[in-house]
Amino acid sequence: MAEPAKKKPKKLPKKDKGQKDIKRKKKESYTVKIYIFKVLKQVHPDIGISSKAMGIMNSFINDIFEKLASEASRLARYNKKSTITPREIQTAVRLLLPGEVAKHKVSEATKAVTKFTSGA
């Protein structure tokens with residue numbers, strides 16, 4: 001019985017002495033793990049979170065943020081505006097989040113913006 005032909009490993013092309021390594025840009029990753037942990041400790045001081053669960057929460061927050069930002073951007077473009085205002089963010093929240101969750105988040109955001117602008 002004949003053995004299957006073995007493939008030779010591919011060799012990388014050799015570099016000239018004057019040629020430099022090409023560095024790839026690392027994709028920027030925004031992490032909110034610290035803030036998730038701070039909120040967890042405010043709400044439930046006696047509960048911890050595993051690193052795997054923290055990674056999932058971080059991905060979830062980044063995903064929601066990305067979706068809200070792109071939806072708000074789309075709304076600004078539809079209205080021929082070059083600036084995303086709180087109104088676009090609020091509308092994006094209403095479009096992306098379901099019913100009661102959207103109402104709750106809009107009221108919380110309004111409260112936070114009011115607190116921020118009053119300087120308290």
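Each residue, glycine too, has its Cβ placed from N, Cα and C.
Going by Swiss-Prot, these are the annotated features:
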- 1-26: region 'Disordered' (REGION)
- Ala2: blocked amino end (Ala) (MOD_RES)
- Lys7: N6-acetyllysine (MOD_RES)
- Lys10: N6-acetyllysine (MOD_RES)
- Lys11: N6-acetyllysine (MOD_RES)
- Lys115: ubiquitin cross-link (CROSSLNK)
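The CA atom of Lys10 (N6-acetyllysine) is located 62 Å away from the CA atom of Lys115 (ubiquitin cross-link). Shown are the recorded positions Lys10, Lys11, Lys115; the one with the most C-beta atoms within 10 angstroms of its own C-beta is Lys115. A distance of 62 Å separates the Cα atom of Lys115 (ubiquitin cross-link) from that of Lys11 (N6-acetyllysine).
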